[in-house]
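Trainee: Pulled these features from TrEMBL for this protein:
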COILED    B:628-676  coiled coil
DOMAIN    B:676-892  domain 'Histidine kinase'
TRANSMEM  B:6-25  transmembrane segment
TRANSMEM  B:41-64  transmembrane segment
TRANSMEM  B:70-88  transmembrane segment
TRANSMEM  B:116-135  transmembrane segment
TRANSMEM  B:163-180  transmembrane segment
TRANSMEM  B:192-219  transmembrane segment
TRANSMEM  B:239-259  transmembrane segment
TRANSMEM  B:280-306  transmembrane segment
TRANSMEM  B:326-349  transmembrane segment
TRANSMEM  B:383-401  transmembrane segment
TRANSMEM  B:407-432  transmembrane segment
TRANSMEM  B:495-515  transmembrane segment
Amino acid sequence: MKAPARPLFLERRGYRSRRIMDASRLLPVLGFLLFMVPLVRQPDGNGPTAGYLVYLFSVWFVLIVIAAILSRRLRRATGGAPEERP
Amino acid sequence: MIPFNILVAVCVVYVAGLFLVAFVAERRAANGRSSWLRSPLVYTLSLSVYCTAWTFYGAVGYAARSGLEFLTIYLGPTLVLVGWWWALRKLVRIGKTQRITSVADLISSRYGKSNTLGVIVTLLAVVGTTPYIALQLQSVTLSFSVFAESDTLGWAPMDLNATSLWVAAGLALFTVLFGTRNLDANEQHHGVVTAIAVEAVVKLVALLAVGIFVVWGVAGGVEGMMDRIASSPLAQTRFAGGRWAGLTFLSAAAVLTLPRMFQVLVVENADERHLATASWAFPLYLFLMSLFVVPIAVVGLASQPAGANPDLFVLTVPLSLGQEGLATLAFLGGFSSATSMVIVAAIALSTMVSNHIVMPLWLSWQSAGATVSGDVRRVVLGARRVSIGGVLVLGYLYYRLTGGSEALAAIGLISFAGVAQVLPALLGGIFWRGATKRGAVAGLVTGFAIWAYALFLPSFGAGGVMSAALLADGPWGIDWLRPQGLFGFAGMDPLIHAMFWSLLLNTFFFFAVSLSGFPSPLERLQGAQFVNVFEHSSGAHGWVHGAAEAEDLLMMSQRILGPEKAQGLFQREAVAQGKVGYLPDTTPAFLERLERELAGSVGAATSHAMVGQIVGRSSVSVEDLMAVADETAQMMEYSSQLEAKSEELSRTARQLREANEKLTELSVQKDAFLSQISHELRTPMTSIRAFSEILMDGRTLSEAEFSRYSSIIHEEAIRLTRLLDDLLDLSVLENGQVSLNRQPGNLRDLIDRAVAATGSLDGAGRLKINRARAAEDLALLTDTDRLSQVFINIIANAQKYCNAAEPELRIRARRTGQGIVVDFIDNGSGIPKKSQSIIFEKFSRLSDRNAAGGAGLGLAICKEIMQNLGGDIAYLPGQGGAAFRVRLPMTEAQAA
C-alpha cells in the first residue's frame, strides 16, 4: 500500500514519538548485549561471581527503569492507543 | 515444630481463600464491575505463572549447583517484555483481532486455519507440559516431606504419594470450577486470573521475606552477604558461555511459546495498554524474585549438611534456624507457585485439546454436521473438563513413573526446549507473509522429533526409554546418530546440543519448505491479516471509534432494521451522547446495543460478524462459526417448515377449488332440477286441472270419456305422490332416521324379485337380463326390502338409459374377502367421465333427453340405502357401458 500522504518531515511531536518507538525497539538489543558481557570477558576464577551478580542486577534494574520511562512516554505520545505502522 | 495437621490446615485455609477470591472476582466480572480486575497490575501479576515451583525452590538449587546461570531463566523473559514493541504487542493485537484462544489456535489460524497444525502444536504442548506438571506435584510433595522429616511426631513417608494425589485432585477441581465456567467468546477467566494474581503476591512476599531474613538476619547486612558470596563455593563455579547464551535465548523463546504464558499474556489480556505497564513491571517482578536467590543458596550451602537437597533451601534454611512462621510462609509461596502454574497450564492445554482434537473429532462424528443445535457448548465445556482431568492425571502418572528422582531444573529446561519448537512457526507467521503451512508442519515435526530423540527420551536416563548402548553408540552403531552427539557434535552439553540441532533444523525446514511451496488462498489471506495486523485492524480494546464507521454501520443497519428504525436508533444514541444528527460515536456500549438490535433480526453470530466486518474485527472464531451454522440450520429448518406449510396451503386451496367447482355444478344442477321438478309437478297438475275442469262442466261427456278423464287424473295424482314419496324417502335416509328391518335372505331371490318388479323377467321387456344364477346363491342378513329397492332402481335405470340397439344387462355376483360384490353392467354408452362424480348426488339427471320418469333421485336414494346398510354403491368405469358395483359388508353377508 502506497502512502503518498506521508509527510517528508514530521512535526516535532510526531518525530519524538517515532524516536521513542525506535528506542523501545532498541532496548532489548541493548539489554541482550549487556547481558552477554560475561561471555566476552571470561572470569579468571578469583571470586568473579559476586562482581557479576552486582553487574547483572544493575544492568537489569537500569533496563527496567528505562522500559518504564519509555512505556510511559510511548503511551503519552500515542494518546493511549498505540497506532503505528511497524 | 509445626505439626503436620496445622500445615495441612494452613493449606486448606489458603486454598479456600483462593476459591473465595476467584468466586468474588467472577461475580464482580459478571456484574460488570471488573474495573480493578482488569487493571495493568493484575495483568502483570498474572504473568507470574512464569515463576513456578521450579523458580521458587529450584532457582536456589540451580544457583547452588551452577552459580549465576539460573539468572538466564529470567533474563530471557526480561528481554522479551522490554522489547514488547517488537513481538508481544503484535501477538496481543493478533490475539484480539483474530480471537485467538491458544498458541495452537494462533499457529493453526495463521496457516490457513489448518487443524493439522493445531493438532501438532497441541501434542507438542501436552508432551512438553506434562513433565512440568509432574514437577509441580513433586515440589509440593517434597516441601511437605521437609516438614514431615522435622516433625517429632513422625509422619509416614507412605503418605507422600497420597499427598500428591490429593494436590492433583484439588487442582483439577479448582481448574474445572473456575476455568470452564463459561465459554467466553474471548476465553477470559477473571476468577482464575485474579486468584493467580493473589498467588503471585504470596510467592513474591514469601521469597522476599526469606531473602530479607537471610541477608539481614543471618549475614548481617548487604556487605556481610557480599563477603559470604565471595567466599562461598558458589563463587568458584565455572561460567559456561554456551549455556549462558543458549538458556537466555531458550527462556526468551519459552515466554512466547509456553502454553500457560500465551494464555496469560495474550488470551487473558483485557487491554492492550496493560502490556505497556507489564513491559517494565513484570521484569521488575522477576528481578525481585531472583534478587535473594544467591544469598539463600550461599547461606544454605554454608548452613545445611552436605547431602541436603539445595532445591529445598528456601524451606530448610528458615526451619533449621527456628523460623517456623517464615518457613510456613515459604511453604505457602512454593505451594502458590505450583498451584498457579498447574491451573493455568491445565486451562491452556484443555482449551487446545478440546478445540483442536476433541471438537473436530466430535464434529466429524456428527453426520448431521451443521444441523446440530444447542448442545455444542455443552460438548465443548465437557471436553474441557475432561481434558483438565486428563492433563492432571498425565502429570501425576509421570510423577509416579519417574519417581521424582531428577533435579527440578532439568525437567523445566527440557520442557522449555520442547515448546520452543513452536518459535520459528510463530515468529515466522507474524513477521513473514511467505511462511506457509507446509513449511510450518515440516519445521515443527522436525524440531519435535529431534527434541524427543536428543533430549526428552534420553532424559529418562540410560536404560529408561533408550538403552545405554543406544545412548553410547547410536542406533545400529551409527556413531553420528548418537542421541546426544548428533552429526559428530559429541561432548556438548546435552541441552544445548538438542536445542541447537532441533531449532536449527526446525528453522531450516520451515524456511526451505515455505520458500519452495505455494500457499493456499486462505493461508495467504490469514498471513496478510497476521503480518499486517496493524493496518487491517485497530483498537486498543474491543471495538474502536470512528465516524466513517458510524456511517457504514448506519447503512448496514438500515438494510437490516429498515430506514426508520435504524435512523431512530442512531439518532437516539447521538442525542444521548450529546451530539446532533444521525451519527453517534461508535462507543463500545453503542456497538454492543447495536449488535443486540441487529441480533434480533439476523441472529447473534451473524450480527457480531457483520458489525465486526465494519469495525475491523472481521474474523470469527470456531464458536462463532458454529453459532452461525447453528442459526443457519435453524433457518433452514424454519424455511423447510414454511415450505411444507405453503404446500399444505396450496393443497387445501386446491381442495377448496374442487369443492367450489362441485358446489357450483351442484347449484346449477339444483337450479335445473328445481325447474325440472316444477315442470314435473306442473305437468301432472296441469293435466289434473285441465281434466277436472272438463269434468266440472262436462254434462255432454259420455260415460267412456268421463271414465278415461278421471283415470288420467288418478294416474297423475299417483305420479305426484310417487315423486313426493321419493323426496320424503331420501330425506329420511339422509337424516339417518331410517329403521332397518334385518332378516335373512338369499341374493338370488332378491335379484329375481327385482327383475320381476321391473317387468324384465324372462326377456319379457326390452332389456335382456344376463345372469349367472349359480354364483348368486349367497345368503344374506340384511334389510332385504331396501336392498331389492336398490337393485330395482339400477335395473330400471338400465331400462331407461341404456341406448344400445339390443340393450343387455349383465348381473354378476361374487363373494370376496370383505363381503359380497354385485356388478350391474349394461352395454350402452355409459356415463361420461365428467359426470361420474355427480351421478350419486341428489337431483342429478344427466340429460333430459329421456323424460322417462324419475326426478334424478334414484341413485341418490340407492347410495343412502347402501350407506345405511354398511356397504356402498359406486360407478365402475371402463366396463364398456354403464356399470354399477354394489358392495355389501361381511356382517351383512352370511356364510352360505
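The backbone N, Cα and C atoms fix where each Cβ goes, glycine too.
Values in this document were obtained by computation on a predicted structure and should not be read as measured data.
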Trainee: Counting CB pairs under 8 Å, which listed stretch among B:6-25, B:70-88, B:280-306, B:326-349, B:407-432 touches the transmembrane segment (B:163-180) the most?
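Mentor: Looking only at B:6-25, B:70-88, B:280-306, B:326-349, B:407-432, the most contacts with the transmembrane segment (B:163-180) come from B:326-349.
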Trainee: Does the chain bring the transmembrane segment (B:407-432) near the transmembrane segment (B:326-349), so that three or more CB pairs sit under 8 Å (pairs 6 or more apart in sequence)?
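Mentor: Per Cβ check, the transmembrane segment (B:407-432) does not touch the transmembrane segment (B:326-349).
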Trainee: In the same chain, which residue numbers or ranges, 6 or more beyond the ends of the transmembrane segment (B:70-88), come under 8 angstroms Cβ to Cβ?
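Mentor: Apart from its flanks, the transmembrane segment (B:70-88) reaches 50, 55, 59, 62-63, 243-244, 247-256, 265, 275-276, 278-280, 282-283, 286-287, 289-290, 293, 409, 412, 427, 430.
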Trainee: Assess whether the transmembrane segment (B:41-64) lies in contact with the transmembrane segment (B:495-515), where contact requires at least three Cβ pairs under 8 Å among residues 6 or more apart in sequence.
Mentor: no
Trainee: Cβ pairs under 8 Å with the transmembrane segment (B:495-515): which stretch of B:6-25, B:116-135, B:192-219, B:239-259, B:280-306 has the most?
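Mentor: Looking at each of B:6-25, B:116-135, B:192-219, B:239-259, B:280-306 in turn, the most contacts to the transmembrane segment (B:495-515) are made by B:239-259.
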Trainee: Looking only at residues six or more beyond either end of the transmembrane segment (B:116-135), which have a C-beta under 8 A from one in the stretch?
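Mentor: Distal contacts: 52-54, 103-105, 107-108, 259-260, 341-342, 345-346, 348-349, 352-353, 355-357, 391-392, 394-396, 398-399, 402, 404, 408, 411-412, 414-415, 418-419, 421-422, 425, 437, 440-441, 444-445, 448, 452, 456.
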Trainee: Let me spell it out: take the transmembrane segment (B:239-259), skip the flanking residues so only those 6+ beyond its ends count, and list any with a Cβ under 8 Å from a Cβ in it.
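Mentor: For the transmembrane segment (B:239-259), the list is 50, 66-69, 72-77, 79-81, 87-88, 91, 102-104, 125, 129, 265, 345, 348-349, 352, 413, 416-417, 419-423, 426-427, 492-493, 495-496, 499-500.
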Trainee: When the pLDDT values for the coiled coil (B:628-676) are averaged, what is the result?
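Mentor: Residues in the coiled coil (B:628-676) carry a mean pLDDT of 80 in this prediction.
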Trainee: Can you say which of B:6-25, B:192-219, B:280-306 has the most Cβ pairs under 8 Å with the transmembrane segment (B:326-349)?
Mentor: B:192-219
